[in-house]
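Undergrad: Below is the structure I would like to discuss, written out as structure tokens.
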Amino acid sequence: MLSIQKQILEKLGICSDLSLLRVVLDGIPPRRDSKLLIKDLKVDEVPLRIYQPKQPPTGKRRGILYFHGGAGTFGSITFERICRYIAKKCNSVVVSVGYRLSPEHPYPGQYFDCLNATLYFMRNLEEYHVDPALIIISGDSCGANFATVICQILLNKRDLPKVRAQVLLYPGLQGLDFHLPSYQQNASVPLLFRKLVIYFCFRYLNKEPSVLEDVLQNCHVPESMKQKYKKWISADIIPDKFKIRGYVPQKTTSYKPEVHEAVKELLAITFSPLLAEDAIICQLPESYIVTCEFDVLRDDGLLYKKRLEDNGVQVTWYHSESGFHGILAFFGYGIFSFSSGKKIMDSTVNYINSL
């Protein structure tokens with residue numbers, strides 16, 4: 001049905017599926033906030049929106065970079081309600097990064113935009129009265145993927161302050177296994193269906209979706225790679241309590257070299273930071289991870305939590321038993337918001353305030 005509606009809209013010249021999504025998900029702009037100073041600027045053509053409490057600081061504040069979700073193809077710095085909430089509740093400076101979107105700005109440009117915005121902020125902390133020992137890098141969904149990658153990249157930037165923590169809200173972190181328990185259990189759960197994950201990956205990478213079904217069956221992964229990474233990405237590692245709700249182990253599928261060649265970017269460390277070596281993971285900052293029970297990406301968060309802990313990185317984990325992917329897009333919309341989303345945000349604020 002969605003496909004038919006999309007075709008009708010495009011034939012009428014009204015809009016494409018992507019432009020419609022962008023308009024809808026940008027949401028309704030909130031009212032002015034008397035408690036915040038909000039400033040827009042551009043850094044290397046990347047829009048930033050900076051939120052600062054109006055009340056004069058009594059000391060240095062935390063500095064929080066926030067990368068919004070949207071599969072790298074939609075979303076913007078108008079993800080206001082979360083950033084405002086964090087800025088006020090944590091008495092922090094929040095920098096929302098409007099990285100440029102694919103396919104107009106091809107992958108992996110989004111990572112460079114996020115990195116450049118991060119470097120700008122870290123080199124101008126004094127201007128924003130931010131404590132260099134309290135820099136937090138955060139994001140939701142694919143924005144949490146960007147945050148993870150940026151934290152890994154910054155390990156080589158010895159001239160910059162060390163990141164205090166990474167805050168990852170229902171992150172997507174790997175393109176190797178689309179048959180993990182959460183992918184099976186939540187295949188048809190809104191807002192992010194299992195097939196939609198692959199579809200958005202293809203849109204993000206600017207690929208034709210001709211091999212979508214093959215990728216759903218993991219035919220894009222060479223056997224040697226499956227064997228190499230099964231210690232990190234495997235249903236066997238997921239705690240049993242997350243397999244109760246209708247999980248069936250996948251039957252062996254045949255590797256198709258032509259499919260691998262078409263979508264090999266899915267298996268790059270940039271796209272799949274869960275595949276980074278232990279030598280990188282062990283250096284990462286303290287982490288806060290949110291997972292949602294009714295989310296195809298739930299197990300990405302669980303697997304990353306285990307990898308970090310196995311490498312001696314402190315992890316604070318919040319699992320929303322009734323949450324679903326994208327629940328925070330409704331946060332702050334009154335009767336349209338969900339109590340689970342409010343609980344996620346309050347837990348996140350409590351964690352940030354504990355640093």
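Using N, Cα and C of the backbone, Cβ positions are placed for all residues, glycine too.
Okay, so TrEMBL annotates it like this:
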ACT_SITE  S141  active site
ACT_SITE  D295  active site
ACT_SITE  H325  active site
DOMAIN    64-207  domain 'Alpha/beta hydrolase fold-3'
DOMAIN    269-328  domain 'Alpha/beta hydrolase fold-3'
Undergrad: Between S141 (active site) and H325 (active site), how far is it from one CA atom to the other, in Å?
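TA: About 8 Å separates the two Cα atoms.
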Undergrad: Tell me the Cα distance separating H325 (active site) from D295 (active site), rounded to the nearest angstrom.
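TA: Between the alpha carbons of D295 (active site) and H325 (active site) there are 5 Å.
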Undergrad: Only counting partners 6 or more residues apart, tell me which same-chain residues put their Cβ under 8 Å from the Cβ of H325 (active site).
TA: S141, Y170, N186, V189, L191, L192, C292, F294, D295, V296, L297
Undergrad: Can you count the other CB atoms that lie within 10 A of the CB of D295 (active site)?
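TA: Other Cβ atoms within 10 Å of D295 (active site): 27.
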Undergrad: Using DSSP, tally how many residues of the domain 'Alpha/beta hydrolase fold-3' (64-207) sit in helix, strand and coil.
TA: 57 helix, 25 strand, 62 coil
Undergrad: Is it possible to list how many residues within the domain 'Alpha/beta hydrolase fold-3' (269-328) are helical, extended or coil according to DSSP?
TA: 22 helix, 19 strand, 19 coil
Undergrad: 10 Å Cβ neighbour count around S141 (active site)?
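TA: There are 27 such Cβ atoms around S141 (active site).
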